[in-house]
Each structure stands twice: as structure tokens, then as C-alpha cells.
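What TrEMBL says about this one:
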type     : residues  : note
TRANSMEM : A:12-37   : transmembrane segment
TRANSMEM : A:57-82   : transmembrane segment
TRANSMEM : A:94-114  : transmembrane segment
TRANSMEM : A:134-153 : transmembrane segment
TRANSMEM : A:165-188 : transmembrane segment
TRANSMEM : A:194-214 : transmembrane segment
TRANSMEM : A:221-241 : transmembrane segment
TRANSMEM : A:247-266 : transmembrane segment
Amino acid sequence: MFDFADYGELLALVHNSLLAGAVLGVVGGLVSTFVMMRDLPFAVHSVSELSFAGASGALLLGTNVVLGSLTGSVVAALLIGLLGSRARDRNSAIGVLMPFGLGLGVLFLALYKGRSANKFGLLTGQIVAVDTPQLSWLLATSAVVLVALAVIWRPLAFASADPEVAAARGVPVAALSTVFMVLLGLTVAMSVQIVGALLVLSVVCTPAAAAMRVTASPRLVTGLSVLFATVSVVGGILLALGSTVPISPYVTTIAFLIYLGCRAAGAYRRRRGWTAGVRFVQDERAQPSVPSGV
Amino acid sequence: MLDISDAALRFGRHELWSGLSLRVEPGEFVAVLGANGSGKTSLVRAILGLRRLSAGTLRVTGGPRSIGYVPQQRRIDPLTPLRARDVVGQGLDGHRWGLGRRPGRAELIGEALDEVGAAGFADLPIGLLSGGEQQRVRIAQALVADPRLLLCDEPLLSLDLRSQQTVTALVDRRRRQKGTAVLFVTHEINPVLPYVDRVLYLARGRFRTGTVEEVFTSATLSELYDVPIDVLRVNGRIVVAGLPAEAAHV
């Protein structure tokens, strides 16, 4: 399964993919924090199906695949934002959109007469496929998402945690929700290029879900989430290089293992009481000291 | 601090109330009572600037930003990635764009947590705290920006008796020490009885304002609800008997 001979030469070939993967890790890790706080994993999946439809439509028409994927996911994200402000409405809107998007995508791929590897890549990810124009698109999209997030970060976090109090403090809760859906759409479209439409959640949900298991500090959750996403994507690319299997199983497996580890660590921390570390030190101090040499 | 005059609020043809006038002075503790659907929540939203009045004027000294808002206790997901001190911090600068932080931020948050006796659990996840602890953190969140008006919307709901006493005592202490005006929406008068200066009682599109002694009489409530109601005082508590079903829990 693995063959790491000529690894150095391969590495040079996938330089673009690695850079794209690292950037996606940062953006995906940041966005996944809000995906978890706003309870949007299901929406992410639906957006990625429509992103897939957009990309396969572009493939069929012979136009820019990244642009097609961006269009599909931003339209889907805005539709979800418009159709459902309440969780219940939102879930039904998502449930309706998702099969429609996937159906469209399948139709476009069925009509497409080009290389079949192109078709499969959109669903399950590809590795050497990131060429320079594609990379430019990805970098530009990331820059937009990062700058926008830096501007709206604090009000968005407030509105995600407590919309009622945030609105009382003058935060434009509804407008922020729309803006975030657009940013989510952009991020999903980027992820579709690397890990494929079916596996986007491993980049845009799992990292923060794992981080939130082990800490409640917002800064630490964000940092860990970025770290986990980057390790998953870049690690997945590096492992896939030496094998014949596509990149996505590696990415998803690394992400899943990180999640399992965090869940176990979180369960342990909770069982001991969240402040276990502090108490442990105090307990030790309270113990009578054991004479040395006994 | 708060000056409402001749205000009305309608949903289509349905009128919640009209001709409502209320002034709340600095340091004053005013309780707002009434049955569900009597327009208490709409009044709160109007004061916060989230709803327009159908008629009349409403003025808050310093604008909506000088209001500290304490909502009712709700379940918070245990995995919410916020510690108590982060929730308080959102009250200070959660509405501000960009990433810059004002100097002295941590000290202000620390002081607010101290004021409500929450320093001991400042670094615990907000979702792991008890309902009473969460409400104390929410009061700190409302107080950290040094509001002139504290607007509490059913902050005692689903709290045990001891937490109810703690929360009301904290609110009372603040207005005595800093002269913060308090508008306290509640469906239960007894927890705030030791502190309240005046009462606004909303019922069926009508209202009465005055001291507890003036409003909580058999005659006034009977007139408000159009049915005979008995107001009794038992061991320093007020018991209201004979309320119509929709207001029976008052």
C-alpha cells in the first residue's frame, strides 16, 4: 500500500497541494469553531453537495471548476441562511437542498465526456490536481475569508453564543448570520477542491468538535482547531503521496483519530472534575510528607 | 434614566397597551409584573431599541448601549467554548469590530466577577455551571460595561430560592452603590419585595403604577382583571387569590 521511494521528488511535485492544504487547514480550523457554536454541521454538508454540483457543472461546460464550486456553495449557503433562521426551518431547508444539489452534480458528471478521474476527484478529493491558477484562487479566497473573520470575529462569537444578549447590545445578529454563511460557502468550496465534497466535514467540523472536548477557552479552542485541521490535511497529503489510495481517507482518518483522542481526554477531565489539575496539587500539599529513604 | 411617555404597542389590530408612561430615576428599583402575553417582553424589546413603539416616546439616557441586559436563565450547551470570564468579556467588548482589545480589560472583567462572587469559577466552562451560577455570571456580563440602567428580563425563572435571593440582592446592592436604575421584569413579586420601590403592573391592555402598597390591593387588581381578586399578606409575603387562569401563576 505504501511506497515511499522517490518521496523527495514526489514532494516537489505536490508543493502546490501542500501549500493549499496548509491554508485550508488554517481557514477550515477557524471556520469550524463557528460551525460548531452555531450548530451548522448539517448545513455544511448540504453546502458542499451544491458546491459539488457547481464544480461538476463547470467541468461539463469547460469553465473554471473552482469558480463553479464557489458559485454553487455560496448560493447554497445564502439559500440556507434565507430559508431558515430557526433551527427547525433550517434543517428542513437543508434536507430539501442536499439531494437536489447531489442530483444536479450527478447529472452534470453523467453528461461529461472527459477524464473520469476528474469526476471522482470532486467527490472524494484529489492530490496532485492543484495547479497554479487553482492555487491562486484558493489563496485569494482564503485571504477574503481571513480578513472578514478578523473584522467580525468578536461580534460573530457574541451572536453565536448568545444571540439575545448580543442583539440587546446592538450586534446586528441577522446580518452577521448572512455574512458568515457566505464565508462558510467560500470555505466549503475550497475544501471541495482538496478533500472532495463528501468529506468536507472532516475539515470544517471535526477539528473544532475535537478541540471543544478538551478546553472551553475560546483562544485555545481556536488554536487547537487550526492545528488539528492543518495536521489532518497536510498529514493526509503527505501519507497519500506514498500510496495508491486517494488523499481523503487519510485526512478523514487523522481527523477522526484526533477527535477520539480529544473525546477520551475530555471525558477523563470531566470525570475528575474540570478543575482536577488544581485540586490534585492542593491534595498533594495537604498530604503529610513521606520521609525519604523509607 | 428611562423616560417613557404615552407609549403604545400594537401587533396589527391587537393592542398590547397604550397610554403607558413610566419614569425610572437613577438608583430606583422598579418591578414590571403581569401575566404572559401582557406585553412585558415587548416592553423590554422596545426599551432595548429592538422594537419600535406604535405611538409615544421612549428615551434612555445614554442610548441603548448604556443598558445592561440580564436575560432569563436558559440551558447552555455543556460544550460551549466559553469560560465564565469570556461571557463577562462579551458584555464589555463583544459588540466591537476588529481584534484589538482595550487596555485594562482583564482587570475590569475580574472586578465584575468579584462583584457577583463568581471569581471562584471564573475559568470554568459556562455550560458546566449551575443555573444560579450562570445567572451571577450574566449579571457580571451586564454590569461590566458600567450601565446606567439595568434591565432584567425574568432573571429568576427556573432558579432555586437561594439563587433567587442571591440574584436580587446583587442587583439591589449595585443600584445602592452606583446609582444604577433597575427595571426588573418578573412574574413573582415576593423575591423582589424587600427591594422594590415601585411597580408597573400590566394586565389585559391596562396597567397601574405605584408602590407595592398601592398596586397590590384587592381593589386595584380586581379592577385591572375585571374579576374579584383577593390580595393577602402572610408573614411578609403577598398572596394573590382569584386570578384568571392566564395569570394564575402571578
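Cβ atoms are placed via backbone N, Cα and C, with glycine included.
Those TrEMBL annotations? Automatic predictions, nothing curated.
The model shown is predicted, which means the values in this text are computed figures rather than measured ones.
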Which stretch, A:12-37, A:57-82, A:194-214, tops the Cβ pairs under 8 Å count with the transmembrane segment (A:221-241)?
A:12-37
One stretch in A:57-82, A:165-188, A:194-214, A:247-266 has more Cβ pairs under 8 Å to the transmembrane segment (A:94-114) than the rest, namely A:57-82
Positions on the same chain near the transmembrane segment (A:12-37), where near means CB under 8 A and six or more residues out
44, 127-132, 134-135, 138-139, 142, 145-146, 149, 156-157, 160-161, 180, 183-184, 187, 190-191, 193-194, 203-209, 211-212, 221-222, 225-234, 236-238, 241
Selection from A:134-153, A:165-188, A:194-214, A:247-266, the stretch that has most Cβ pairs under 8 A to the transmembrane segment (A:57-82)
A:165-188
What else in the chain is close to the transmembrane segment (A:247-266), if you only count residues 6 or more beyond its ends and a Cβ gap under 8 Å?
124-127, 194-196, 198-199, 202-203, 206-207, 209-211, 213-214, 228-229, 231-233, 235-237, 239-240
